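Chemist: Annotations for this protein, taken from TrEMBL, read as follows:
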DOMAIN    91-290  domain 'Peptidase M12A'
DISULFID  CYS153-CYS175  disulfide bond
DISULFID  CYS155-CYS156  disulfide bond
BINDING   HIS183, HIS187, HIS193  Zn(2+) binding site
ACT_SITE  GLU184  active site
DOMAIN    291-331  domain 'CUB'
DOMAIN    332-444  domain 'CUB'
DOMAIN    444-485  domain 'EGF-like'
DOMAIN    488-600  domain 'CUB'
DOMAIN    600-640  domain 'EGF-like'
DOMAIN    644-756  domain 'CUB'
DOMAIN    757-873  domain 'CUB'
Amino acid sequence: VFWGDIALDDEDLNVFQIDRTIDLTQNPFGRFGHTTGGFGDHGMSKKRGPLYQLIDRIRRIGSGLEQNNTVKEKLPLKFSGQSEKNRVPRAATSRTERVWPGGVIPYVIGGNFTGSQRAMFKQAMRHWEKHTCVTFIERGDEESYIVFTYRPCGCCSYVGRRGNGPQAISIGKNCDKFGIVVHELGHVIGFWHEHTRPDRDNHVTIIRENIQPGQEYNFLKMEPGEVNSLGESYDFDSIMHYARNTFSRGMFLDTILPSRDDNGIRPAIGQRTRLSKGDIAQARKLYRCPGRFCGDKLPEVLSSTESRMWIEFRSSSNWVGKGFAAVYEAICGGEIHKNEGQIQSPNYPDDYKPMKECVWRIAVSEDCSVGLTFQAFEIERHDNCAYDYLEVRDGTNESSPLIGRFCGYDKPEDIRSTSNTLWMKFVSDGTVNKAGFAANFFKEEDECAKPDRGGCEQHCLNTLGSYQCSCEPGYELGPDRRTCEAACGGLLTKLNGTITTPGWPKEYPPNKHCVWQVVAPTQYKISVKFEFFELEGNEVCKYDYVEIWSGLSSESKLHGKYCGAEVPEVITSQFNNMRIEFKSDNTVSKKGFKAHFFSDKDECSKDNGGCQHECVNTMGSYLCQCRNGFVLHENKHDCKEAECEQKIHSPSGFITSPNWPDKYPSRKECTWEISATPGHRIKLAFTEFEIEQHQECAYDHLEVFDGETEKSPVLGRLCGNKIPEPLVATGNNMFIRFVSDASVQRKGFQATHSTECGGRLKVESKPRDLYSHAQFGDNNYPGQVDCEWLLVSERGSRLELSFQIFEVEEEADCGYDYVELFDGLDSTAVGLGRFCGSGPPEEIYSIGDTVLIHFHTDDTISKKGFHIRYKSIRYPDSTHTKK
């Protein structure tokens, strides 16, 4: 059960008289946000669930309709499944059993955190240790301890010691920040939120009308018997205090307003950077920090249990004494009899002190060896490590076999002893000091020596801290990483053969990587002909694909990268070897491909095969080919000038005049028909332009049409030497015609064609399609896009829009990437909905004859996009409807 970011157990529920009879495991408030309650944060949740009686009860309490607005209001607070932005109760616990004995808190950090996150958790724990007598130690055999993990609650923890086993401190997404972890550790130590103190109304005002609906319970006040402030005054600066706008209806609306001080200034609240003086004072009182001395009796020698010790001296203003003098020394090294732990240089992560010598003797369980891995390493550099160094030996003493002497800034390789003992010595001289090192040690077992060989079907390879399975040649590991299955790829030396995708003729599996190396005799070339081809994707080939190279390495010539359903042309290698590589991702699988390879002697190697331009070797023969702008003569060897007529379907590319960059020929007519993805306009931009000049461009000229043919509206008739402005079509088609007469010839032109999203689209009764981006189906949509389409139908009709495919980055309020529709000409019209996430929304019907579609993306996560099918329909009534 959770109250914001605080986990409640059965004792809490009994103490606070919270009724558990209503089961809220289905999250009655809908999808909650989760806020640290820190400075500048405010809740974002707006959706509500079905338990309106409960919500109304909380609202009545929050608005003062029910006078007793404390936790004893018997509110059912079982909020399982909260998302990552929610919080609730610095007042110290009044229950002595919740205080950690001796102020010692054992901890374990879960394996799902990165090294930087683990270091930050330790930094937060040391922040508490630095200012209080609370100590965090790595868990040994202690029964009660905390576990840093990630739970569905996002950021949450129990208040104080729960007892009887582990208790979670959940650090969820967006919570792995120093101040937030210090805040959550405050709950672990025993603090509620400061603004829930019984005396809070003397210091802050709760502005209930500014609180988000359903979040009023976060501002309930606790009873005097439930908390103990230990005589400390209300602390506006506490790291356990909410910010002014936490769970606010708007960023600039206050939910907690601190009272003005004597100077008329309202104190700042909600900081998440460090412990306040009040936090420190209250923690010291709560744990009655040991080691308090007075009088004239000399205390005995004191030793800390870990690497931190706090010393504080206080004197009254009316007494002056001689005081005290003490010397301290950091003690390092020692005998360690544990199966796992961490060893650090003195004062780590700060610089180690000069003239230190530390010796550790590590012993783990019998029949095991010691594994040692380094997380950080920075010791004064020297070629022979003569000054500062770390020495590791395979045994129990200084005469044991030397594993290595290490210094510098490179982390040593992982170390494994041959027995269950390891000897380590760290030495620093009197000059340069560095940050030192941090290393983990653990018992190392040989899993491959067990009867089942770690579950490996064929071979088992022991590694430090783990093991891995491997397979015989011709086999590869299956999905379970233990069993072996027939591998794809391999070395092929036959003159001909067949290659298929794994699982052929069924669909190929996900996450496959196959490499075939085909090698033929010298002076031979290899050709590949596909009999069947069907892979995910179309032109970009981002997901599943086949690459074919001339040569056996990735540095060789790439013939092409292929995907989709179009069968590639016959491909022939440059030399006597070829590399064919197939990759599939973890999503869509298709039937794959079946290809035949043939090896043939290269007739083109002598006199170019008699070809005027290019000679292409084929199986048992050869072909002549011509360069761009030419076609093969009837004799199949010579080349003659070609007609120029192109149909272009790619989202971007270049077009040039004939014979570019040389002068275009006379009496030439060339056409280009460019088509793009529906819903996107074609843009033509010129990089170079030089066509015979005429006032009306009556001689040589370039014409651009806004449509599929030369009968479409003219966008421009161009000639001369001045580069024209870019031309943009209104739709997804553009027709271009170049004409030269019999006289003057110039260099011609070079232009790029690309696509632009948005525009005005005419809607008819025949369904049409609109896609989120020009490369839909081949690649994810780009970032930082704002596109608007205005769909216009005839008067007296309305529009029907049906999402065929929809996959846009998901967020609770669709604040990152989204598709938004308006029933009119612009964004001031009635909204038809804002959508994000996965899965097509329901059909949408407009009231009017126009619909504005706005597509927005940020600069981070991108997804597949959307496909909308739209048409106009007769107007049956005057109401919005949804199927």
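For all residues, glycine too, the Cβ spot is worked out from N, Cα and C.
Owing to the predicted nature of the structure, the values given are computational and were not obtained by experimental measurement.
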Chemist: Taking the Cβ of GLU184 (active site) as centre, how many other Cβ atoms lie within 10 Å?
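Modeler: The answer is 25 other Cβ atoms.
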Chemist: Measuring Cα to Cα, how many Å separate HIS187 (Zn(2+) binding site) from CYS153 (disulfide bond)?
Modeler: 15
Chemist: Which of the three DSSP-derived classes (helix, strand, coil) applies to CYS156 (disulfide bond)?
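Modeler: In the DSSP reduction, CYS156 (disulfide bond) maps to strand.
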Chemist: If I take the alpha carbons of CYS155 (disulfide bond) and CYS175 (disulfide bond), what is the distance between them in whole Å?
Modeler: 6
Chemist: Which of 291-331, 644-756, 757-873 shares the most C-beta pairs under 8 angstroms with the domain 'CUB' (488-600)?
Modeler: 757-873
Chemist: In angstrom units, rounded to an integer, how far apart are the Cα atoms of CYS156 (disulfide bond) and HIS183 (Zn(2+) binding site)?
Modeler: 10
Chemist: Could you give the Cα-Cα distance between GLU184 (active site) and CYS153 (disulfide bond), in whole Å?
Modeler: 13
Chemist: Measure from the CA atom of CYS175 (disulfide bond) to the CA atom of HIS193 (Zn(2+) binding site) and give the result in Å, rounded to a whole number.
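Modeler: Here the two Cα atoms are 17 Å apart.
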Chemist: Given the disulfide-bonded residues CYS153, CYS155, CYS156, which one is most crowded in terms of C-beta atoms within 10 angstroms?
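Modeler: The largest 10 Å Cβ neighbour count belongs to CYS155.
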Chemist: Quick one: give me the count of other CB atoms within 10 A of the CB of HIS183 (Zn(2+) binding site).
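Modeler: A 10 Å sphere around the Cβ of HIS183 (Zn(2+) binding site) contains 29 other Cβ atoms.
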